[in-house]
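*Asks:* According to Swiss-Prot, the protein carries these features:
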- Asp39, Thr76, Thr107, Gly108, Asn112, Gly177, Gly178, Ala180, Val181: coenzyme F420-(gamma-Glu)n binding site (BINDING)
- His40: active site, proton donor (ACT_SITE)
- Glu109: active site, proton acceptor (ACT_SITE)
- Thr195, Lys198, Lys259, Arg283: substrate binding site (BINDING)
Amino acid sequence: MAELKLGYKASAEQFAPRELVELAVAAEAHGMDSATVSDHFQPWRHEGGHAPFSLAWMTAVGERTTRITLGTSVLTPTFRYNPAVVAQAFATMACLYPGRIFLGVGTGEALNEIATGYQGEWPEFKERFARLRESVRLMRELWRGDRVDFDGEYYRLKGASIYDVPDGGVPIYIAAGGPAVAKYAGRAGDGFICTSGKGEELYKDKLIPAVKEGAAINDRNVDDIDKMIEIKISYDPDPELALENTRFWAPLSLTAEQKHSIDDPIEMEKAADALPIEQVAKRWIVASDPDEAVAKVKDYVDWGLNHLVFHAPGHDQRRFLELFEKDLAPRLRRLG
């Protein structure tokens, strides 16, 4: 079985840059193994929202910490970024913080790409997935080679070199919400990323089997693939606070279909705030008893996920980190 790891999701949509750095530093002090950050150009909310640049954040946190692994969860290397520049940025960070950097990638959302100049109708999944696969191939060729020529359907290189690259390149974690991309993660990813709260059958019957199937295609040991899940958890001994803390993150409770074509944080906020608190809370483990919280998290471990990254919704993140270290971490470590 793969090693059990506990991580912290730094909520870039909720906190300003300096505070977000300090929270990651605190996460290491409270015993977390990793800290991940989303890469949004625009947040889910216009009022009270934030969107610091993920790569600047990673570098700042890297300088302030010594142990935790840092990565994006996730970045889209296909539209507003050129994947060659992403490859250069992550190679540099991996040289600065050896063994501590990974690149988490996904197929992208209209919210972040249309505002930065994408022209035309937002592409359907088939094209976005094709772009992702091509960008991963391109980045790995740059990390392996010298004077690289690449002639893809979407991206091209001519005599390109990255001059500072760690041995072995940079681990790539592939985010998936369905079996097609999960299978690709098993075949081509160093890690796999998914998010919690979407029903047992998705993880147990679709995502994890697809990762295993993809690994088998390339004769890989699935235990060598870091299987990460962002666990949405609102834990507090005060049950009313545990419930109310979820409200800021109401946009996560919108369906993929509802979010697909929304490219404006004001419209996203409006759609999300129309949801009742009970619907918002369904995406979260809302608990005031530590044993109850850990029992719900254990399901994900039993289904085959080993890297548990905890996303807490409340504004008092230091309170969450203290409660996590005291109440949840000792119980969770025993699961491994």
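Cβ coordinates come from backbone N, Cα and C, glycine included.
The structure displayed is predicted, hence computed values, not measured ones.
I'd like to know what surrounds each of these features in this structure.
*Replies:* DSSP assigns Asn112 (coenzyme F420-(gamma-Glu)n binding site) to a helix.
For His40 (active site, proton donor), other Cβ atoms within 10 Å of its Cβ number 21.
Take the CB of Glu109 (active site, proton acceptor) and look out to 10 A: across all protein chains shown you find 22 other CB atoms.
In three-state terms derived from DSSP, Thr195 (substrate binding site) belongs to an extended strand segment.
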*Asks:* Calculate the distance in Å between the alpha carbons (Cα) of Gly178 (coenzyme F420-(gamma-Glu)n binding site) and Thr195 (substrate binding site), and round it to a whole number.
*Replies:* 11
*Asks:* Sorted by position, what residues of the same chain at least six away from Arg283 (substrate binding site) have a C-beta under 8 A from it?
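*Replies:* Set apart from Arg283 (substrate binding site) by at least 6 residues yet with Cβ under 8 Å, we have Ser196, Gly197, Lys232, Thr246, Trp249, Leu252, Ser253.
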*Asks:* Tell me the Cβ neighbour count for Lys198 (substrate binding site), meaning other Cβ atoms within 10 Å of its Cβ, over all protein chains shown.
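*Replies:* Counting Cβ neighbours of Lys198 (substrate binding site) within 10 Å gives 15.
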*Asks:* Taking the Cβ of Gly178 (coenzyme F420-(gamma-Glu)n binding site) as the centre, count every other Cβ atom within 10 Å, in any protein chain shown.
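*Replies:* The answer is 15 other Cβ atoms.
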